[in-house]
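Below is one structure; the comments refer to it alone.
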Amino acid sequence: MSAESPEPASAEEQKEMEDKVLSPEKAEEAKLKARYPHLGQKPGGSDFLRKRLQKGQKYFDSGDYNMAKAKMKNKQLPTAAPDKTEVTGDHIPTPQDLPQRKPSLVASKLAG
C-alpha cells in the first residue's frame, strides 16, 4: 500500500492557479467596465422594464384577460354531473350492432 495518490495542492497553490486561469477574463472585464461604465447592470433591470411593470399587467388576448378576471372573482365553474356513469369504449361495434340506415328523401344524382 505504498502507492498513494498524489497529495492535493494546498489552498494557496489552487488559488494561484485559478487566478492565472481567470486573470485574462477579469482583465478584459475590467477594461470593458472602464470603457463603458454606464452599461453596468442595474439591480432592478432596465428602465424600460421597470416602467412596463409599473403600468400594470398586459394581456396577450381576450382569453388571457377573461381567465385573469375569473381568477379574481374566484368563481366556480359548473362541473359535470357526478351521477353520469356512462362508460365509453367498452366494446368494439360490429356491422350487426349498428342500426339500419334510413333511406334518404333526396335521390342521389350518382344512383342514376
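Note that the numbers count up from 1, one per residue, in the order the chain is shown.
Cβ from N, Cα, C; glycine included.
Annotation source Swiss-Prot lists compositional bias 'Low complexity' at 1-11.
Swiss-Prot lists 12-32 with the feature compositional bias 'Basic and acidic residues'.
The Cβ of Ser62 (phosphoserine) has 8 other Cβ atoms within 10 Å, all protein chains considered. Here Swiss-Prot flags Ser62 (among others) as phosphoserine.
Marked as phosphoserine by Swiss-Prot on the basis of similarity to another entry: Ser104 (among others). According to DSSP, Ser104 (phosphoserine) is assigned to coil rather than to any helix or strand. If you draw a 10 Å sphere around the CB of Ser104 (phosphoserine), it holds 8 other CB atoms from the protein chains shown.
Residues or ranges marked as phosphoserine in Swiss-Prot: Ser104 (among others).
The region 'Disordered' feature in Swiss-Prot is assigned to 1-49 (among others).
Feature annotation from Swiss-Prot assigns region 'Disordered' to 72-112 (among others).
Between the CA atoms of Ser62 (phosphoserine) and Ser104 (phosphoserine) there is a gap of 44 Å, rounded to the nearest whole number.
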